[in-house]
Amino acid sequence: MTDLNGQQLGDYRVLRRLGRGAMAEVFLAEQLSLGRQVALKVLGEELARDPTYVARFQHEARAAARLVHPGIVQIYEVGCCDGRYYIAQEYVPGRNLGELIERDGTLPAGLVLGVLRQTAAALAKAAEQGIVHRDIKPENLLLSRSGEVKVADFGLARVDQPDGVKLTQVGVTMGTPLYMSPEQVEGKHLDPRSDIYSLGVAAYHLLCGQPPFQGDTPLAVAVKHLREKPEPLVDRCPDLPVALARIIERMMQKKPEDRFDSPSELLSELRALTRTAIDEGWTETGDDGAAFETLALTGASPAATRRLDQLLGATAQLDLQRPKRRGWMLVVAACLLAGLAFGVATRPKPLLAGVGQQPIAKPDVASQLLHAKFVDNEAAWLLVMERFPDADFNYHYMAKQGLLRLYLSQDQNGKAERLARELASASEDQMPTRVFGKAAEVVLAVRAGDAVAARTAWARFPQPERGLLDGDMARRLDEAVQQMGL
């Protein structure tokens, strides 16, 4: 494909390539009319010459665009410019789960349970509208900097499968066969139970570090999905909670009728397991996370979606901070924080504010940070630093961002100003924290009505790094800039 860097496709200015697949290239682009970053998928030139493929590409992408859900990468537009067909969709900074397991080997059971629950919620929303993903795999499960799991490539994966699967071309037409359901291998009609199978295989991979079936060729792997039973999870992972293994193994049954009937049924089982997991101590996500998954079944009003976005934005931007020196514990912390954000999204304000709730001492800093997010009061955030003064400083920065956000929400501007100055002076290798603090300085100067200070703070704000802000702080900054006319 021709290099598109620096070129413009309609309303989109291409910034840089993000990745390349067999069917399309993905670019980071700026939507000029709205001033936002998007991921731009551009169909390969050879496929773009096939009218039948183009028609399906456009039809199914438009169908996927109807899926509005916090756990699904949103499609904004399907278009064509100068013979290039493209899909503009939500850009999710962060990592996909395939990258995480490549880096860390395996993921802990509590994190995988959260991934399953969030993904099942997204699949339930898709099933409501009769959409089957067809390409669920770790690489299509994105972990945002806020710890939110988002399912990518809805619709696009659907058009990648021809009506009849040619096994000798599986690697070309379908991508990797490591996660394909048996009925998908055989080219049969697919329903949401196929996605349940693929999600089960992906979970197996996340827990064990390897998928259940491997082979020298795509055909060999596909045949194993049809004929062989996977090694029991508890044999490969002796410390795995039996109840979680049982759910995943049911998801991976060869016959669709032996799996969960729907993503909604799977979601119900995962929520019940979460309550058990809390009692047993291997997750702290909490049943409060059920509010997020409920959005999959009931839909969400624009106000609820905006509120959820604000809550998700409140979690720390982990993936930009010391990526080579952190282990999976920080990733776990981010995901657990996001899980609680999902849960508190529909709570009344007094509960969200944490008024009257006393913080509880936790055994480790990640759990303490999670607890602070849940309680969300000054004492809880301060306890992260007071109880674990020698912890990885990233945890302290995350706690200070949460505390600063609380001060802003409560109009405690004096305390907010002191903390904003501290974060704004963070070192260069803590750029997300630094940008967060500088944005808060602009917001606070505007609140104070000090035009000179506001212009000075705005002039010092690192515009090229604006994309590092989470949704909540970006909104506060935009409102302040608009109010002051900066």
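Cβ from N, Cα, C; glycine included.
Unlike curated entries, TrEMBL annotations are predicted automatically.
Bear in mind that the values here come from a model prediction, so they are computed numbers and not experimental data.
Quick look at what TrEMBL annotates:
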type: BINDING; residues: K41; note: ATP binding site
type: DOMAIN; residues: 12-271; note: domain 'Protein kinase'
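DSSP assigns the residue listed as 'ATP binding site' to a strand in the three-state reduction. For the domain 'Protein kinase' (12-271), the model gives a mean pLDDT of 86. There are 25 other CB atoms within 10 A of the CB of K41 (ATP binding site), with all protein chains counted.
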